[in-house]
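As given in TrEMBL:
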BINDING   7, 8, 9, 10, 11, 12, 13, 14, 134  ATP binding site
BINDING   97, 104, 105, 106, 107, 184  substrate binding site
ACT_SITE  106  active site, proton acceptor
Ligand SMILES: Nc1ncnc2c1ncn2[C@@H]1O[C@H](COP(=O)(O)OP(=O)(O)O)[C@@H](O)[C@H]1O
Ligand SMILES: CC(C)(COP(=O)(O)O)[C@@H](O)C(=O)NCCC(=O)O
Ligand SMILES: [K+]
C-alpha cells in the first residue's frame, strides 16, 4: 500500500513512505542513510514496510548506487523504480536550463515542491530555492513558474576538505560561526557559512532586480539547519521540500 518517495544525494539516501501519492498524504515512515550504509535498508528499515503500490524518486548519485536501489526495490517488492528526469516542463514549472535534462533531478524536484508550497499560501511570486547538501544550490524561479537559473557551490564539507588538502596550515577542528573570527577553526567555519549566505543574498538581489518583486525564499537539505542562524535574508526552512515535489509530480503522473 501507499507511495514510496526516495531522494538519493551524493551523501545520503532519504526515503519516505506515504499513505497515498498526493500532496498532504499521511507520512507513515521515513529515514535517511549515508550511502555507505544503504546495503542495510532491505533487511532493516524497509523489511517491515508493506509493499508500496508505487515509487518515484530523484537521484544524483553514481550509477552503482542507482542500480543497488533498483535491485532492492525489485527483490523486496517486485517494484519498478521510476526516477524523475528534468523535462522542459512539469507540474507548473518551466525549465530554463540550456539542456533541461542536465539539470540535477534533486534541484528540479525541490523547485516543484517549493512552487506548490508557495502557491498553497498565496498568489504566485518569484522564488529562491536553496539546497544545502553535499553541494549547495541556489535556484531562481520567476512568478510564472519559470526556472531562470541557479548557482552551484561546494557544501561545508567540500569547502573544508578543499582548503585542507590545498594548504599546509589549515588542518584544524570545526569551529564556530563568528562575525570576526580570531582563530583558524572559526575563520574556516565562518568563511564557508558566509560564502553560502552571501550567494543566497546575491540571488535574492538578482531576482528582485529581474522580477521587480521580493522573492519567497525556501531552504532545505541535510545541512540547512547549520545555515539558518547565519542567513541575511528571510527564508523558510522546509526539510521535506524534495518529498513535497515528488508527491506533486506523482499526483500529476499517476492521476487515475
Ligand atoms: N546527522 C547529521 N549531523 C550533522 N550534519 C549532517 C547530518 N546529516 C547530514 N548532515 C549534513 O548534511 C550534509 C548532507 O545533506 P544531504 O541533504 O543528505 O546531502 P545530499 O542530498 O547531497 O546527500 C552532510 O554533508 C552534512 O554536512
Ligand atoms: C549539483 C548537485 C551535485 C547537487 O547534489 P547534492 O548536493 O544534492 O548531492 C546535483 O544536483 C547534480 O549533480 N546536478 C547536475 C548538474 C547540474 O545541476 O547542472
Ligand atoms: K540532495
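Quick reminder: no glycine exception, Cβ is built from N, Cα and C everywhere.
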Legend entry - Where the record names 7, 8, 9, 10, 11, 12, 13, 14, 134 as binding ATP, the maximum Cα to Cα distance in Å: 13
Inset, instruction - Select, from 9, 97, 106, 107, 134, each of the binding-site residues with a Cβ positioned under 6 A from at least one atom of ligand 3; if none does, say none. - result: 9, 106
Inset, instruction - Sort out the sequence-distant neighbours of residue 106 (substrate binding site) for me: same chain, 6+ apart, CB within less than 8 Å of its CB, listed by position. - result: 7, 9, 58, 60, 131, 133, 242
Inset, instruction - Could you check what DSSP calls residue 13 (ATP binding site) once collapsed to helix, strand or coil? - result: strand
Inset, instruction - Tell me whether residue 134 (ATP binding site) sits in a helix, a strand or coil according to DSSP. - result: coil
Legend entry - Sparsest-packed of the listed binding-site residues (11, 134, 184) - C-beta count within 10 angstroms: 184
Inset, instruction - Do me a favour and check the Cα-Cα span between residue 105 (substrate binding site) and residue 11 (ATP binding site); whole Å is fine. - result: 15
Legend entry - 7, 8, 9, 10, 11, 12, 13, 14, 134 excluded, remaining Cβ within 8 Å of their centroid (ATP): 32, 35, 60, 61, 106, 133, 222
Inset, instruction - Look up residue 7 (ATP binding site) in the DSSP assignment and reduce it to helix, strand or coil. - result: strand
Inset, instruction - Consider the binding-site residues 11, 13, 134 and say which one has the Cα lying nearest the Cα of residue 107 (substrate binding site). - result: 134
Legend entry - Three-class DSSP secondary structure - residue 97 (substrate binding site): coil
